[in-house]
C-alpha cells in the first residue's frame with residue numbers, strides 16, 4: 001500500500017531535499033582517485049523517503065541549477081553545466097530518484113536494494129551516453145572516464161543510502 | 001544566503017525588478033564567453049552592490065569563487081590546448097619530461113571567462129536573496145502565474161540551505177565533544193559520515209513535517225491567499241528597468257558588432 005503523502009508535506013519535504021542535495025553537492029570526501037560528493041546519496045535518500053514523489057525535488061534541483069542558482073557540484077550553476085559533458089549525470093538523477101522511490105514502495109529488502117542499484121546504474125547510463133555524445137568519445141572511453149573512477153564511491157553510497165534509509169524512513 | 005534586514009536602495013526596489021535583474025544578468029552571462037564583457041557585467045553587479053551598501057555581504061562568497069576559479073583553471077590547463085603557449089608546468093630545464101604540460105593562453109582565457117560568469121550570476125542571485133523578503137518573492141511569483149507549490153518549494157529550499165550547513169557543523173562538533181572518533185583513513189572518513197548524516201536527515205525531516213502541518217493549518221489548501229502588503233513599483237523601479245534596458249541594448253550591440 002502506497003502511503004499517499006499530503007500535498008503540504010510533499011511541498012515541505014521537497015524543499016528540504018532540494019536543500020539537502022545542494023548542501024551535499026558542496027561536501028566532498030577525498031576518496032582516491034576522485035573525490036566523493038554526497039549529491040547522489042541525497043538523490044537516493046530523496047527516493048527512499050518520499051517514495052515516487054522523490055523525483056519532484058530532484059527535478060526542481062536540476063531546474064534551479066540551470067536557472068543559475070549555485071547548487072551544482074562545488075557551487076557551479078547554469079545551463080552551461082547542464083549542457084556540458086557532465087550534464088547527463090544531472091539529468092540521470094531524476095529517473096534515478098523515481099526508480100529508487102518506486103522500489104521503496106515495496107516492502108522487501110531485495111526489491112529495495114535492487115532499486116537502489118538500478119537507480120545508480122541509470123544515473124551512470126545517462127551520464128555516459130551524454131558524455132560520449134557531447135565529448136565525441138567512444139562508449140568505451142566514456143565508461144573509462146565517467147564510470148570506472150566512481151565505482152567504489154557509488155557502491156559505498158548505495159550501501160550508505162540503504163543503511164541510512166533504514167534509520168530515517 | 002539569507003535575507004538581511006537593512007535599509008538599502010536595493011531593498012526598496014520592487015521584488016519583480018530585482019527578479020528581472022537577476023534573470024537579465026544570468027542571460028547576459030550565458031550569452032558570451034568574452035572575458036572583457038564578462039568583467040564589465042560582474043563589475044556592474046558589484047557596483048550596484050557597493051552603491052546599495054551590500055558589498056560586504058557579497059565579499060563572503062569570494063573564497064568560494066576563488067576556489068572555484070582555481071579548480072576551473074586546473075581543469076582547463078590540463079585539458080585545453082589552444083592559442084599561444086605561456087609557460088610549462090614542468091620547466092624545460094628538467095631532463096626527459098622537461099616541457100611537459102604546456103599552459104596555453106586559450107586555457108587561461110576559458111577558465112577566466114567561466115569564473116567571471118559564475119561570479120556575475122552568483123552575485124546577482126545573492127543581491128536578490130539578501131534584499132527580498134521570501135514572502136514578497138512568493139507573492140510576486142504568484143502574480144507571474146508561476147505554480148505556487150513550486151515557488152514555495154523553491155523558497156523552503158533557499159531558506160533551508162544555510163541552516164542545514166550550520167546544523168551539519170553543529171552535529172559534527174557535538175559528536176567530537178562526545179569524544180567520537182571514527183578512526184583514521186578512508187574507512188574512518190566513511191564511518192564518520194553516518195553519525196552526521198542520520199541526525200541531519202532525521203532532524204530536517206522532522207522540521208519539514210512540522211512545516212507541512214503549519215502550511216496546512218494556515219489554510220494553504222483553501223487556495224485563497226492574501227498578501228501581507230501589496231507592493232507597487234515606484235519611480236526607482238522604472239529607472240532601474242530603464243537602466244537594465246540600456247545595459248542589455250549596449251551589451252547586445254557590442255556583442256553583435
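Cβ atoms are placed via backbone N, Cα and C, with glycine included.
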Stretch carrying transmembrane segment according to TrEMBL (options A:10-27, A:28-45): A:10-27
Same-chain residues at least 6 beyond the ends of the transmembrane segment (A:116-133) whose Cβ lies under 8 Å from its Cβ atoms: 40, 43-44, 47-48, 85-89, 91-93, 95-97, 99-100, 103, 139, 141-143, 145-147, 150, 154, 157-158, 161-162
Long-range Cβ neighbours of the transmembrane segment (A:55-73) (under 8 Å; 6 or more residues past either end): 10, 13-18, 21-22, 25-26, 37, 39, 43, 46-47, 79, 81-82, 90-91, 93-98, 101
Folded-back contacts onto the transmembrane segment (A:139-164), same chain, C-beta under 8 angstroms, at least six residues removed: 31, 33-34, 36, 38, 40-41, 44-45, 48, 86, 89, 100, 112-113, 116-117, 120, 124, 127-129, 131-132
